[in-house]
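Remarks on the structure that follows.
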Amino acid sequence: MLTFMASDSEEEVCDERTSLMSAESPTPRSCQEGRQGLEDGESAAQWRSQDSEEDHEEDPDRYVCSGVPGRPPGLEEELTLKYGAKHVIMLFVPVTLCMIVVVATIKSVRFYTEKNGQLIYTPFTEDTPSVGQRLLNSVLNTLIMISVIVVMTIFLVVLYKYRCYKFIHGWLITSSLMLLFLFTYIYLGEVLKTYNVAMDYPTLFLTVWNFGAVGMVCIHWKGPLVLQQAYLIMISALMALVFIKYLPEWSAWVILGAISVYDLVAVLCPKGPLRMLVETAQERNEPIFPALIYSSAMVWTVGMAKLDPSSQGALQLPYDPEMEEDSYDSFGEPSYPEVFEPPLPGYPGEELEEEEERGVKLGLGDFIFYSVLVGKAAATGSGDWNTTLACFVAILIGLCLTLLLLAVFKKALPALPISITFGLIFYFSTDNLVRPFMDTLASHQLYI
């Protein structure tokens, strides 16, 4: 699932990201200062309104573009192109890093390519000589796996709809604990064993403890944005490696195709669970839990100013009970708030508004299944680099097209269908057509 979000300026001093950020109430002002500020604000507003009316009379369509006052024609398109290219880079880097970690592990650590077990969600084995029976077992495994995903997604949406936040946080914290401590311990142990690096258990436990503790703080509380993004990429790679190891070969490919179809239905259907989750979060003006979403920019959730198109560009601030208490001075008289005016063309506020960027949010499930596809291409079949690179390029092309559609439709879109479809097409075509062709050329010592 891929969505846009409002973000802070690139020049913002704060470099931390958190799901809960406190908003400070403005300092109470005296009655005289408030009245004086109100009079000054009214005079400035009248002067600006008269000036804008004169400009509007000269050219009515001068500063009207897509319903945004104070923005000349063509600027919206330029911003879309600018942010579109930036968003592509913002998502290409983490997706590429996640897939590189998975492929590098698959190519070097034999533990994740050895088949010595299956997940409980895929109980049917594929070790049968009959092709039909193997295909049937893979379809049955896919049905069970997709059913589990659907049930758990609906359960999560119901919990969020009825505001069971503590239960959801406990669920996510438990999952993060397993990934950051148990799976990291297994991963680090296998890597050290592969490269024949000796390490005593106290040092190993201390390393895993430090890694997991910092990750829990960054993901579920607050910390540097780059560090949180790195932890989200790492836990996605660890989860993808588990799927690559324990999913049967044919079942993995059928599951990838089925999960892309489910993602399409869950996000675009009016009653789809993921769409209901996003709409509920937007109605409540709340962020989706950071343990489920990778965000490319800072998220401000409390005290964040919101531009409401229905108010004709006026700056809307969320209601804060503390502000209501602070609006009265020590004598019990109300103090007059400052007057907020939208930035007009030619004023410094417009530059600040243009510098604001919108971030992109991509679900961690998309990272996981992207990496599963590339990792399976590297681990199964021939496992040559041509097939792996073809799947890698296909996923990036699909992600780029998805971002293009996101810029056009400006709503939450599924990120799996296009990328997974391209990846499957590139995998089977490269593995069955390109690889035999190149092997034949190499055997005859012909080079193109």
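Glycine is treated like the rest: Cβ placed from N, Cα and C.
Copied over from Swiss-Prot, here are the features:
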type     : residues : note
COMPBIAS : 19-30    : compositional bias 'Polar residues'
REGION   : 1-70     : region 'Disordered'
TOPO_DOM : 1-87     : topological domain 'Cytoplasmic'
TOPO_DOM : 109-138  : topological domain 'Lumenal'
TOPO_DOM : 160-166  : topological domain 'Cytoplasmic'
TOPO_DOM : 188-200  : topological domain 'Lumenal'
TOPO_DOM : 245-249  : topological domain 'Lumenal'
TOPO_DOM : 271-361  : topological domain 'Cytoplasmic'
TOPO_DOM : 383-388  : topological domain 'Lumenal'
TOPO_DOM : 410-413  : topological domain 'Cytoplasmic'
TOPO_DOM : 435-448  : topological domain 'Cytoplasmic'
TRANSMEM : 88-108   : transmembrane segment
TRANSMEM : 139-159  : transmembrane segment
TRANSMEM : 167-187  : transmembrane segment
TRANSMEM : 201-221  : transmembrane segment
TRANSMEM : 224-244  : transmembrane segment
TRANSMEM : 250-270  : transmembrane segment
TRANSMEM : 362-382  : transmembrane segment
TRANSMEM : 389-409  : transmembrane segment
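Confidence over the topological domain 'Lumenal' (245-249), given as mean pLDDT on the 0 to 100 scale, stands at 92.
The stretch in closest packing with the transmembrane segment (201-221), judged by the count of Cβ pairs under 8 Å and taken from 139-159, 167-187, 250-270, 389-409, is 167-187. At the 8 Å Cβ cutoff, the transmembrane segment (139-159) and the transmembrane segment (224-244) share fewer than 3 close pairs (sequence separation 6 or more) and do not count as touching. Recorded stretches compared: 167-187, 250-270, 362-382; the one with the most Cβ pairs under 8 Å to the transmembrane segment (224-244) is 362-382. Residues 111-115, 117-119, 122, 125-126, 137-138, 141, 255, 372, 376, 380 of the same chain lie 6+ residues outside the topological domain 'Lumenal' (245-249) yet bring a C-beta within less than 8 angstroms of a C-beta in it.
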